[in-house]
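As structure tokens, the structure follows; a few thoughts come after it.
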Amino acid sequence: MVENLLNQKIENLALTSDNEQEQLSHEEYARYGRQMILPEIGLPGQLALKNSSVLIIGVGGLGCPAAQYIAAAGIGTIGLLDGDVVDKNNLHRQVIHSTSKEGMPKALSAKQFLQDLNPHAKINTYVEYASPQNLFEIVAAYDIILDCTDNQFTRYLISDVCVWNEKPLISASALQFEGQLCVYNYCNGPCYRCMFPNPAPVVTSCAKSGILGPVVGTMGTMQALETIKLALSMKGINKEPFIPFILLFHAFRFPQWKHIRIRSRQQSCESCGPHKVLTRSFIESSPSEYVTRCDATPKAAKSLNPIKRITPKELSRLIEESPSMSFLDVREPVQYGICNLPLFKNVPLSEVDSLHDLSGRVCVICRSGNTSQGAVRKLQELNPDAEIFDVISGLQGWSKEVDPLFPLY
């Protein structure tokens, strides 16, 4: 009898809020109680979170902690967009995934985790990569968008689509020991193109430069925090005025954090300015031209003449038949120290310009076959008489095709 009266009292309390909103269940009062007693949250704030929707693009190092805390906080609807699968080298930082889920789509792996964490959250999954063909419709269905990717083209695309759909974007990045976060396209704040109108010609990544797990975890957690603040603000709960900012983090510096106020929306911006040209029709109908607005990396560096590239198996034969030819490993010394092939001399990419006296046949290798392509192009310019080869897929290919015991990292 007493329990029934208590349940009725709780139900009546919930009904004092907007009847059009989805209300809290009895179990949710207990689940979210510790944050509901915060004056800045309360019952209205918790209902605001429950009736908000968030799309997380990229369920990796940033997306995993962001998704965990967003789901735990009580955001009602969460979308997970990622076409990648769980790989062993993800697990030191992408803490939603586990060894038993290797090979499983990341979006589905994360959904399983989040449903177990909070069964009250509705989880939508999109096992696909963000593209001009799918992103406009997906983004339109959510209140807040999180960019948790590490690809320059995708970052520009997400921002442009958010501008078109008038959605706020919470973007973060992390590399080595550093991270940064910014809220774009909100309250007359800038979009990504306002801050970075011209794509960078050279872009590094975690795969190339490395990343410490807690660093990317910190930035993903901060994305979750900004999501909660934004959800409360958009529902009229958080009354604090929004000032555009960028948050910088470095794990090994003091102070670790810097908070910098940034300029507002730019009139000259191609995406959000009054004379914008990057409209939905342009993005969808002119994919080749749009790519040039998002990616300035030299196209020639992305592929070499096939006759100048060899497979790992062909490399194995060359090592046996021509041990006197030159073999160069263009990874950084720390990577070379992790594992290397015996005949290969370590010459980091930054030092390749000093090699202007090569002759005969030269073989160049790196971790995955990307950095070595740029090295070969430089070496060909400096040594036109030398015959220089790039190893397709690099040491990763060597491990898969020639020596399964060669360590991957």
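Glycine too: its Cβ is placed from the backbone N, Cα and C atoms.
DSSP assigns CYS206 (active site, glycyl thioester intermediate) to a helical segment in the three-state reduction. Take the CB of CYS206 (active site, glycyl thioester intermediate) and look out to 10 A: across all protein chains shown you find 19 other CB atoms. According to TrEMBL, the feature active site, glycyl thioester intermediate maps to CYS206.
What TrEMBL records for CYS366 is active site, cysteine persulfide intermediate. The secondary structure of CYS366 (active site, cysteine persulfide intermediate), as reduced to three states from DSSP, is coil rather than helix or strand. Neighbours of CYS366 (active site, cysteine persulfide intermediate), defined as other CB atoms within 10 A of its CB across all chains, total 25.
Here TrEMBL flags GLY61, ASP82, ASN89, ASN90, LEU91, HIS92, ARG93, LYS106, ASP150, ASN151 as ATP binding site. In this structure, ASN89 (ATP binding site) is part of a helix by DSSP. All chains included, 12 other C-beta atoms sit within 10 angstroms of the C-beta of ASN89 (ATP binding site).
Proximity of CYS272 (Zn(2+) binding site) to non-local residues of its own chain (separation of 6 or more, Cβ distance below 8 Å) is seen for VAL163, ASN185, PRO190, CYS191, ARG193, CYS194, ARG265, GLN266, given in sequence order. In this structure, CYS272 (Zn(2+) binding site) belongs to neither helix nor strand by DSSP; it is coil. Here TrEMBL flags CYS191, CYS194, CYS269, CYS272 as Zn(2+) binding site.
When averaged over the domain 'Rhodanese' (321-407), pLDDT in the model lands at 92. According to TrEMBL, the domain 'Rhodanese' annotation covers 321-407.
Cα separation, CYS366 (active site, cysteine persulfide intermediate) to ASN89 (ATP binding site), rounded: 17 Å.
Neighbour density at the Cβ, taken as the number of other Cβ atoms within 10 Å, is lowest among the binding-site residues LEU91, CYS191, CYS194, CYS269 for LEU91.
Here CYS269 (Zn(2+) binding site) is positioned 35 angstrom away from ARG93 (ATP binding site), judged by their C-alpha atoms.
Calculated from their C-alpha atoms, the gap between ASP150 (ATP binding site) and CYS206 (active site, glycyl thioester intermediate) amounts to 8 Å. The most densely surrounded of the binding-site residues GLY61, ARG93, ASP150, judged by C-beta neighbours within 10 angstroms, is GLY61. On a Cα basis, LEU91 (ATP binding site) lies 13 Å away from CYS206 (active site, glycyl thioester intermediate). In the three-state DSSP scheme, CYS194 (Zn(2+) binding site) is classed as helix.
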